[in-house]
Amino acid sequence: MGKMRERMAAFLNNRWLVFVAAMWLQSVAGIGYLFGSLSPVIKASLGYNQRQLARLGVAKDLGDSVGSLAGVLCEILPLWAALLIGAVANFVGYGCVWLVVTGRLPTLPLWAMCILIFVGTNGETFFNTSALVSCVQNFPKSRGPIVGILKGFAGLSGAILTQIFALIHTPDKSALLFMVATGPSMVAITLMFLIRPVRGPRQVRKSDQSNFLYIYSICLLLAAYLMGVMIVQDLVDLNHNLEIIITVILFVLLLAPLAIPIITTFYLDIISPLEEPLTSPTSSPTRGESSSTQKQKQVEESEDEVLLSEIEEEKAQEEARLQLLQPSERKKRIAQLKAKFTYAAAKGGVRVKKRGPHRGEDFTLVQAVVKADFWLIFVTLLLGAGSGLTVIDNLGQMSQSLGFDDAKVFVSMISIWNFLGRVAGGYFSEIIVRDYAYPRPIATAVAQLLLAVGHFLFATAWPGTMYIGTLLVGLGYGAHWAVIPATASELFGLKNFGSIYNFLTIANPVGSMIFSGVITSSLYDYEAEKQAHVHRIRKSVFVFDGDVLKCVGPTCFFASSLIMMSVCIVAACLSLVLVRRTRRVYSSIYGRGQR
């Protein structure tokens, strides 16, 4: 009985269980990616034009990306409290939108609807930040795969929620709003005590590689399954029983990663937190050293690193000589140097040089925002991810303008390719830095070139380009959200990762505000007015006589797609500038590991 209790405690504190729970949370947390399915319902119910709908989209993007409050609260509150706040925000925001759309509440002005959309989607930032902060701290040596998989499931959530909604089998499309209001909130409340940093060592273990390969396999199988289901549902009408079977298989695939914490806890020997550092691949004892000697050596080396960082100027002059000393002598010498330096500074004999952290060390948000690298990341994210988000938000209108009756297939497609882009971005960028010690932002440049090609295909509107363009934009946009967070954590540290990452994500809605709220919507309404004038239909952009202003044909998004293609090329060039600036940093972080 006591052994089983010990195993259960170990299971609940298994960092892989936290990771799996975070994956489940993220699989329903990307509610912003369902806007392409929600927007036609809101537009038809409330009689909005494209510009008004674009403003709702910008409010959604702001709520999805302005996570400063979430970043701050995740640093000062327990993560379960942050998740609870996010669940309440999601429920209240989208719950009120559902009540307005269904007529249970009186119609609200556009600004009030924007606030509700903002509040509802902002709950997602609490889910996202809590999942990332807890898992990056639990797996500090595997940031690329961790971020890629978690962000990937957030991108896939649009397809997952769409499939769950198909199970409901209702002709009332506004019911999707009700599911968005209740589903993610219920999942977050259920998992809020599991998702947290756990105590214990966090070194890379031999089993980690096989565990990540297993999860990657599940990810690919899940994406292929959803793609196949989506194609079948688009071609034929399935009966309700078959929809139930499809959804059950989906849940089985989502539960499959739970095998990792179960096996590592109940079927493998438990290694105590004190013993695990001694058995990890990065710290195996040398011949002739006892476990206690090895442990003491690790403690001394960690203390040396702290002391050395405190006397940076002295270290630069003494480092070569200190490396020749034995660990105990080196520690003694460092203590002497520190005491000497502190005494001299107190007496005024030495001028203490105040400096901020170097790249790779822990930055505060204030220290990070004065760095050129930070703003290079911000601008490339604004141009690249902002243009990709514009496509996601306008996918319903883009497909309708080209003659497609239902945007569901493209919403599901871009969700799946977004997921694969995030998983692939995390996987391949990790190979770049681990095997070649090359800067991770090179993967961002590749993603932005994929986006540029996708925008070009949307502009041409050739037969089949809607499908290929959706694929490329999904991959390129998704890769940003695997590469950018990992890059930020490497250049600016993990200590204040939540606040720095959430500030960077503001670039996403700013880009959407520019490309969707100003450029794309204005050009769309301009083309729609031209078509209305040709057909002698008197309409205004702001005043309606019962019909909704629509644009039909490839001209609707031609100019805006070419503009976004151009800015993605500029973003790729800026990413290459960041690559050049950070080569030495990545060489120092990862090059040492190769030798």
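Glycine is no exception: its Cβ is also placed from the backbone N, Cα and C atoms.
Caution: TrEMBL annotation is automatic and unverified by curators.
Looking at 15-34, 175-194, the range annotated in TrEMBL as transmembrane segment turns out to be 175-194. Counted over residue pairs 6 or more apart, the CB atoms of the transmembrane segment (557-579) and the transmembrane segment (244-268) come under 8 Å in fewer than three pairs, which marks the two as apart. Here the transmembrane segment (214-232) does not lie next to the transmembrane segment (79-101) in space: the count of CB pairs under 8 Å, restricted to residues six or more apart, is fewer than 3. Within the chain carrying the transmembrane segment (500-524), a Cβ under 8 angstroms from the stretch's Cβ atoms is held by residues 50-51, 53-55, 57-58, 61-62, 64-68, 70-71, 125, 129, 132, 363, 365, 368-369, 374, 377-379, 381-387, 389-390, 393-394, 397, 484-485, 488-489, 492, 551, 556-557, 559-560, 563-564, 567, all 6 or more beyond its ends. Contact between the transmembrane segment (175-194) and the transmembrane segment (468-488) is not supported, since fewer than 3 Cβ pairs fall under 8 Å when only residues 6 or more apart in sequence are counted. The list of residues near the transmembrane segment (374-392) in space but at least 6 beyond its ends in sequence, with Cβ under 8 angstroms from a Cβ of it, reads 33, 35-36, 61, 368, 398, 414, 418, 441, 444, 447-448, 451, 454-455, 458, 469-470, 473, 476-477, 480-481, 484, 487-488, 491-492, 504-505, 507-512, 514-516, 520, 560, 564, 567-568, 570-572, 574-575, 577-578, 581.
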